[in-house]
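Let me begin by presenting the structure, written as structure tokens, before commenting on it.
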């Protein structure tokens, strides 16, 4: 964390201190009224948030002592009784293809113009949350909602503007666990998601509802939840926001990502808490794999195989997907499938065709299973995925009420916890290390979504790399090295890190390697992989490296 002088300062209400760089455009977002709204949310809900985070830690202590996640006997009545969520709003009835990406200006325009039904603008895993990215993201989304957003690419001599028809905008704020170190409320860092949600809602709810929301909205994605108590807090946040704006209850709708292992046992309960505000659930499968390792970190019999082999064909992943479809359709809301992380491969038509076929096969599996829509990381995939889902939907807007997945009603705890099968290899270790270091280097320099080896990597896939390395090192996993079994020792890992750093330098070039933060990233990543206790999130350790506090300059006081 560093500090420098601030040329101007924001008109913050009492008890709130904004320490991010002053900018006139940012000041239009950080108005006194908007900051009062954010501060009000934090003051009302901070005790509940602290309790929810301590409950997470208590649950993890039980798992570390040998326990396993499971269905809660106390909420059996919610799972077994008949109830439904509020009807799906007409403007988002069809969500067959959704594209995700950071709130960078050109990305926002391209994603909204991509032909997808939904664009999830991401303040979370696809964004490095430095001050500039967060505030510019709020500016970009305000301009997108107002229809005034444009971007001039001087290099390409091209101006980007919105098409007449665009994707519906959903916004994903950060998870409950992340703080906003540039904004202090009553002397403590703000809760990151309340900053992201509060600023976007305050400035955009009226224009959003009048245009693409068609009387509903705004719409959100909610990440990283582990228990329905966390959904209950969000529901209360939404109620307060609607009351403050004098809009009808249930206007705000949110899709929850089921991307933690504990949440897989709480799907009904999460929907129940959000039932007047729910827009369904999504299979956040990359984070789900990360959470499987993190949750069961003290269970040496739960070592995962190479991450590339932990796909939806694994029994525990298939059970998770089918249970999500059954739960959502029983409650009358969307069941959205997982991310296609592939990106077009230029200059290699055979490799490109193979990648597209893999995407088609995955999406065909999803729509046949009953998913109403799915995710893509790149605009170049929208057309192919759209064809698969158009055929699968057969003229319908979704499969709610059509595919019920009654066969998934009997999925039990053992199905969701079944051990993944596959090989653990030295090449898997190398790939984890290479991807983790390169992603961390990009994140430290302000980029949260990175194309690596023909896949779009974000914090979720970097987390898989980290926790799998940690798990293998912790339990001295036997790795296949071209037919020879090697026990993963700290010494072997150190040698792999050195060799992979050399490979990274060769791949990116000496100049880029020198200018980048690869050595700092390597230090953070390796320390996390070798830690005696597994940290909850890679980015929590790295966050202080991107927080820059500005103090008020004497001339502006």
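Every residue, even glycine, has its Cβ placed from backbone N, Cα and C.
Straight from TrEMBL, the features:
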type	residues	note
ACT_SITE	172	active site, proton acceptor
ACT_SITE	458	active site, proton donor
DOMAIN	15-76	domain 'Malate synthase N-terminal'
DOMAIN	168-418	domain 'Malate synthase TIM barrel'
DOMAIN	424-546	domain 'Malate synthase C-terminal'
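Within 10 Å of the C-beta atom of the residue listed as 'active site, proton donor' sit 26 other C-beta atoms, taking all shown protein chains into account. Helix, strand and coil counts from DSSP across the domain 'Malate synthase N-terminal' (15-76) read 43 helix, 3 strand, 16 coil. Rounded to a whole number, the distance between the Cα atoms of residue 458 (active site, proton donor) and the residue listed as 'active site, proton acceptor' is 14 Å. Under DSSP, the residues of the domain 'Malate synthase C-terminal' (424-546) split into helix, strand and coil as follows: 81 helix, 15 strand, 27 coil. The 10 Å shell around the Cβ of residue 172 (active site, proton acceptor) contains 25 further Cβ atoms across the protein chains shown.
The domain 'Malate synthase TIM barrel' (168-418) scores a mean pLDDT of 96 in the predicted structure.
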